[in-house]
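Notes follow once the structure below has been shown.
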Amino acid sequence: MHPAHLLVLLAVCVSLLGASDIPPLPLNLAQFGFMIKCANHRSRPVSHYMDYGCYCGKGGSGTPVDELDRCCQVHDECYGEAEKRFKCVPYMTLYSWKCYGTAPSCNTKTDCQRFVCNCDAKAAECFARSPYQNKNWNINTKARCK
C-alpha cells in the first residue's frame, strides 16, 4: 500500500473515532427542530435556540429574559406535564405531524405522542411570533438566571 493511502486511511479512522464521542440528538429534538423551521421561516439556524436565555436549551432556572425565553420555559413545563400525566419520556417520544404553510399540525395516535407533539407545536408557534435578541444568546446563565 502506498504511504499516501495509509495517511488517508489513518485520517478516516481518527475522524471516525472522534465522531463516536459526539452524542446523537434524541430523535424528538430533531423533530422539534423541523417543526421550528415549519413555523418560523426565518433564516436563523435552529441551533441558535439551543443556547438562548435561561430556558432555551438544557435545563432552565430563574426568570426568563424575554418573550422567546418564556416560550422555552412554557415548553419545559409542558414536557414536565407529559412526564407526570403519561409517564413518558418527551425527549425520546416520536410523533407524527405535518407542516401546513407555517402551521405545524399533529396527527398522532397515543396520548403521550399527541401531548408532546402539541407541546412542540405550541412552542414552535411561540418562537415564530417572539423577537430574537442576539444579546440573549449564549448568556452567562449563572449570573443572569437567578
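Cβ atoms here come from the backbone N, Cα and C positions, even for glycine.
Note that the structure is predicted; figures quoted are calculated from it, not measured.
Listed in Swiss-Prot:
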- HIS75: active site (ACT_SITE)
- ASP120: active site (ACT_SITE)
- TYR55, GLY57, GLY59, ASP76: Ca(2+) binding site (BINDING)
- CYS38-CYS99: disulfide bond (DISULFID)
- CYS54-CYS145: disulfide bond (DISULFID)
- CYS56-CYS72: disulfide bond (DISULFID)
- CYS71-CYS126: disulfide bond (DISULFID)
- CYS78-CYS119: disulfide bond (DISULFID)
- CYS88-CYS112: disulfide bond (DISULFID)
- CYS106-CYS117: disulfide bond (DISULFID)
- 1-27: signal peptide (SIGNAL)
Close in space, distant in sequence - CYS78 (disulfide bond), Cβ under 8 Å, 6 or more apart: PHE115, ASN118, CYS119, LYS122, ALA123
Between CYS99 (disulfide bond) and ASP120 (active site), the C-alpha gap once rounded to whole angstrom: 13
Disulfide-bonded residues: CYS71, CYS88, CYS99, CYS106, CYS112 - member with fewest neighbouring CB atoms within 10 Å: CYS99
For ASP120 (active site): intrachain residues, at least 6 apart, with Cβ closer than 8 Å: ASN28, GLN31, PHE32, MET35, HIS75, TYR95, PRO104
Residue among the binding-site residues GLY57, GLY59 whose Cβ has the most other Cβ atoms within 10 Å: GLY57
Among CYS54, TYR55, CYS56, CYS88, CYS106, which are recorded as recorded positions, the nearest neighbour of CYS38 (disulfide bond) by Cα: CYS106
Entries of CYS71, CYS88, CYS106, CYS112, CYS117, CYS145 which, being disulfide-bonded residues, have CA atoms within 10 angstroms of CYS56 (disulfide bond): CYS71
Sparsest Cβ surroundings (other CB atoms within 10 Å) among the disulfide-bonded residues CYS54, CYS126: CYS126
8 Å Cβ shell about TYR55, GLY57, GLY59, ASP76 centroid, Ca(2+) site members excluded: CYS54, CYS56, LYS58, GLY60, SER61, CYS72, GLN73
